[in-house]
Every structure is written in structure tokens, then in C-alpha cells.
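Among the features that TrEMBL reports, repeat 'PPR' is placed at 179-213, 249-283, 320-354, 355-389, 390-424, 425-459, 530-564, 565-599, 600-634, 696-730, 731-765, 871-905 (among others).
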């Protein structure tokens, strides 16, 4: 089974790096003074160590030859050997180390042996390999094979894996068997290095050497398989070990559970947990915490919190800070700060200490949401609780303030960080660089860059990419390239991320030959391009309509082993429309399907935008419904493309429907935020618009419309004023949205001022505009002004519509002027406008409120005669009127009609008695007609 799941490797000795090239040590000098050697060894064997030291200081220095000879004579006395070794005036030779290690191993002085090896392996400069000297001494002393095992374990623990593998190989040749403990150390280190193939090879050779695995070996192997995502092999391995009689402990099952959780298969991990009692193992709090982390990774926060409740119900377990911290962090990652703070309070209430991890999670959560006041408050809370913040705490705050563009605040946190004894790290500088670049303050970013270099902080790939990207977005591509060349000269920026950033900048400005030249230089500089590099260049060719170049790059990409992704095909679709080759789009979609790739939202966006530009609105709209049917939500780009096309075709109603969908699904970036950041929103929309002024204008109209719909009139007005200052030219839709919002919110003077502004810029207010003003006047109780404005419409060349009449009729009815309401209805008919179901329902409601039930029923009959079908509201209005009169007989008739028309909401039948107790007689029995409310 192990051979099946590991990579085929060469023998382990191929991993050795020149160990045997080291020259053999010279034997002890034959000319060593025999008298001095005899006196020294006698004193050592008598444990007269002070006398031995005096002898050496008065007679002759302890030369390497004398040390080797003396160690050989005292090899059976570890104390004598240790004291002699310490008398050496400088670091003893490798041969002396080998001698002492054998002596200590024979005497089972493992602690002293480990100290000796740790000192040797940590020496600077690193010492040459010890193993050849150990072999020589082993042949001379004829003991102790345990020294090889001690060296193997020390090398593994120190992370010297090549050396450990060489010792492991050579031990087998010498007939020495490594202990299971040493093998476990090496397996664990190899697992941490992520080399599953070598782990499995070592495990197999360990078994061939006769070293039997124990429960720790099993746990390490399970962890190794799972780290390589071979969870099925891990499960098979545990079952095989169990069948062989090897103990499989809880740690091994934890490794298996963690493997499942890492793959997003937390339910499989739960099944492992549930199986543990049947094999004699009891899950502990760590077992359950693994489930918590798994559910959090899958964003199943309710299930994660449910596991906490399971732990609390289990009387054998006590929930701890780690389990709570995992759930709190999960909530914070998803911006659910109220849930995070609720659990934090719960922790405190049950007597658990809120640790730094929890505090940092909450700070980071608030910072990601831009709620910096709350984030800063948590920092003070940490200090009050006696917990010392760390660099993560401060860096989260710095990053949060930079995201908000509050650079002064960010630097204040840096000062606080330094005052509290922390060093400003590259992470801090990266956040500050990104903050300046986001604000377009490239000069400040550049000054910070040079300050960072001056202070000896080396930029990493994120620093370089952030600064170059900032230059490119600011339109300073030449400066970005010059800075990049200067950075290269300093020996920095030779990494894939930075190369991709520079290539992306070149592609955006159409400098494709230079982008390809850089691709070639990457190969020369041994920084092989990745799939993003190829995709960026292909996308650059697509933007220019050069499909030959795009296909050539895609073929080259496949040639080096990268399969084209969905993003690559999305670029090709866009490129075909730009190149006026839309006839080939179906071929691309067919190839995507052949490769097992399904269209995503971006694919549909490219298709819809393309067909809109081609003027084929039917294809575009069908794709819109197709993606919605597949559960994909149309984004801002898609909707703006459709709206733009509808407007060009004069289909305003369809455009408005798409706009409504756009606002209802909250696609507008940050529109629901408590404080609207116009600058941030502008960047987001400009990115989506891609430089298309018409698309940008549509999107801004959408934002203003959405803000007005949310009742955020001040935000809408401020944004409108800001946009006008930037050259935004408002249209009828912009003004209509603002006038409606202001009228609805009672800002009538502002609404009329906007109407006048429309006229002054040459725009003619339409009936939608005037309906908004009339509605606002009615809502504010100014019916006379509303009627006056209504009477002026015809002189303005505008005809009222059903909404105009219904608004005024509704106001008359609410004020009790029923006669005036009916006069308007009559005028409505005379003007050729058919009363709607809303017109009749408003009038019926007015009659019912004033107790004119007979007239209300007559109006219902008239409504039906005129082929206007009453709705649920119409009937319910009449029922409420009869309830007030206590006329149960008429209510029953109305319910019969509602039943015939299919207007009964049957899902509410169970709540009839509670909602309408009047429908029940004194015995508590229901009347023959139930009330549906």
C-alpha cells in the first residue's frame, strides 16, 4: 500500500552531499610523550581532575594528538573522558567528538551525548560531517552502535535532513538498527518539510531494518499522508496498522480528522470522531476543536458554534479558550462581529480568560470592516486586561487605518508600537505602502520606500509589487519600470509576484513586445513564469484584439505544462469581440466544455457585454436569464452593459427593471456601509467600467438611485455634488432619482430646486419627475400645492398618468374628501386613462374607513364590470370594513368570492382565530367561513 501512494524515489544515499569526500582523520601522533600521557590518564582515572589540569598547564598543552590518545585510554570512564574533553584549549577535533560520543553512548549518558551533539551541530561555521569519524572510532573501540542512533536523532531534530538520511543509510550497511524513536524524529521532520515520498521510503526501509513502528510512528505517517492530501491513503494506513496489532492512538485519528477538515470534508471528520468510542478511544477537547476549525473553514459557523455546545454538554470535557477562539476567529473572518463579541462575553461569563489570539481576531475583524473606532477600543481593552499586544495587534490596526486612507492614524499606531518595544517590520511597511498607493499618493509611497531601505528593512515581493502596481495605476508606467530596474540592481525584486506585476503594467498600456521580452528574461534569470504570467500576457493581447498573439501564448503555456483556466478563456471571449470575430465565440465555449470548464459570472459578463456591443440585445438578455437560472448572480458590470444597451435601443422600461434588480441585490460596492466612502466607491466603479464613460455614468446613476431608495438622501446629495465637481453630467434619470428621494423624505424645497436645476441645464422634467413632486406634496399634507402642480402639467406639455391620479385620489380619501376623489376618478376616465386595481382599491378603502359599505360594494361590482380584477388587498379592505360593522354574513360572501378567484393565502389558515377572533362564535367554534389574515 505504501509503494502505491508514494513517489518512486532513488535510494536515500543519493541525498548525501559530499559527506564521504571529507578526508579521513589522522591517527594519534606516534610521537606523543608516553610519560605525560601515562601521568595524565592515571590522574583522570583517579578522578583527580584538578591535578590533571595543573599537569597540563605546567608541562605541555593538550594537543589534538594527546587528547585523542588520552580519550582512547579512558574510554571506559565517561566522567574522566568528559573532564578531559573540557580541558581542551580550543574546540576539539571531530575525531575527539566521535570518541567522546562513543564513550557516552556506551555509558548510557544520553543527556550528555545530546548536549555534545547539539553544541557541534549549532557551531558556526558549520562543522563537517561527524559520521566518518564515528565509523573509525567504532572500529577502534568496538563500541558503541548507539552513538550512530544518537547522531541520527540529533541531525533529524536539528533539521539536517540530508545528514540524517545519510546516517540512516550507512547504519544499515554497518548492520546497526536505528531505534524507533530516532526514526520517528526523522519521519516527523520530513513530514514538516512536506516530502511524502521520502517519508514513505524511510518508513519502508525502517521496517526492512527490523525497526517496528509504534503509535507515534503511526501518527506521524497519518499526518504525512494527510499533508499531501492523500487522506484516503491515511485512512487505509491506520486500518492496516490496526490489523497488524500496532497501537493507533488518538493523535493519529486527529491527523486523519485534520486531513478531512483541510479538504473541506468536515462531515467525514465528524464520522471519525463518532467512531472513536467503538475502538476504545475517548474524544477530548482537541478532537472537538478540530471539528470547530473544519466547520469554520467551510463557513458553517452555526455548526461550529454547535460543536462548542456539544463540548459543554459533555460532563467529561471542559471547553477551553482554543475552541472558543476558533469560532470567534471564524465569525471575525466573515465580518460577523456581533456574534464574535457575544461569544467573547460568553467566554468571560463561564470563567475563561480571553487570550491574545481572541483579541487579535476581533481587532482584525473590525479593521477589515473599516470599524476602526471599535478596533482601537479593543487595543485599550487588551491593555486593561493585562495582556500585552503583539506585532499582529498593531499591524492589524495599521492596515485597517491604511485601508480607510487614514494615514496619520496609521503612523500614530506605528509610533505606539515602537514606544512599546516592538520593531516596525516589513509587514507594517507593506500596509503603509499600500495605503499611500490606494490614495494615489505615489510620492509619499516612494519616500517611505527609500526610508525603509535606509533603515535596513529589505523589501519583499509584496512591497515591490505594491509600489510598482501603485505607479502603474497612477499612469506612471515609465517611473515604475525605472524603479524596477533600480530595484533589480540592488538584488531585489527577482520574484514571480513582482515580475507578474510589471508584466501586467506593460500589458495594460499595450506594450506587448516588452512584456514578452520580460517573459524571456524570467527564464534566463531562473525565475520560471507561472500560469498567471502567461494568462496576463494572453489577456494583454486580447485587449488589443491580437488573437494570434493570444493563442500563441496559450499554446506556449500548455507546452510547459499549464492547462488554460476559465480566466484564460474569459479573456479569449473578450478578445474575440474586440477583434470583431464574434463568430468564433461558440468555438471557444465548445472547447471550454470539452475541457470540463463551466462558464462563471465573468464568462457571462464577457458574453453579455460583447453581444450588447454587437447590438444583439436578444442574445445578451437570454444569457442574462440563463446565468440567473444557473444560480449565478449578475454583477454590476453585466447590469450596466444591459442598461446601456437598453437605453441605446430606447427600451427604458427594461432598463429600469435591470436597475431595480441591481439595487435589490445590493451589488453596489459598500452602498450598505454606515459611512459611504465616495473615493473608495469611485475606484471600485471606475475599475468595473474599465474607462468606459457611458458605463461609469450608468453606474453612478445606479448608486444615486440605490442611496435614494435606502433613504440615504444626504449621502446621495453629497455624492451628486462631489460628482458634479469632477465633471459628471447628470441626466433625467439622475435628477428623477434625487427628486423622488428628496420628495419622499420631506425635502420638498430641495426637490423643487433640483427640478429648477434640471430646466436650467436644458433637461425637461418628465411625468416621473412630477409624480415624485406631487407625491412629496401629498405626503407633506400640501394637497392644494399638489393639485395646483397637477393642473399645470398640461401647460408644460406633460400628460398625467395613472400614478398621478392615484396619488391625488389617495390623499383625498385619507383626508376624508371622498367626493373630490371620485371627481378625479371621473376626470381620469375622461382623459382616456383607465382606472387600475390600485385606483379602485384606494377608493374602496376610503369608503370603508367612513362606513360607506354599500357604496364600497357597488364600486367593487363596477370594478369587476369594467374588467379590472380585484386583488387580495381590495377584498381585505372590504372585510376589515365589515368587521368594524360586525356584518358576518357579508364577510362570508366575500370569502366565497376570494376562494373562487384563488386569492386565499391558505398558509395562514392556522392563525385565523388569533388574528380575527370576531370570526368565532361564543362557544369557541369557528364560523362556517374562516378568517385569513
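Here the Cβ of each residue, glycine as well, is placed from N, Cα and C on the backbone.
All annotation found in TrEMBL is predicted automatically rather than curated by experts.
The shown structure was predicted, so the numbers you read here are calculated from the model rather than taken from an experiment.
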**Prompt:** Counting only residues 6+ away from its ends, which parts of the chain sit with a Cβ under 8 Å from the repeat 'PPR' (390-424)?
**Reply:** 356, 359-360, 363-364, 366-368, 370, 372, 375-376, 379, 382, 431-432, 434-436, 438-439, 441, 444, 457, 677, 679-680
**Asked** Mind checking how the repeat 'PPR' (320-354) divides into helix, strand and coil residues in DSSP?
**Response** 26 helix, 0 strand, 9 coil
**Item:** Confidence summary for the repeat 'PPR' (530-564), mean pLDDT rounded
**Value:** 93
**Prompt:** Under an 8 Å Cβ to Cβ limit, what residues of the same chain, 6 or more beyond the ends of the repeat 'PPR' (320-354), are close to it?
**Reply:** 285, 288-289, 292-293, 295-296, 299, 301, 304-305, 307-308, 311, 361-362, 364-366, 368-369, 371, 374, 385, 387
**Counts by DSSP class (helix H/G/I, strand E/B, coil) across the repeat 'PPR' (179-213)** = 26 helix, 0 strand, 9 coil
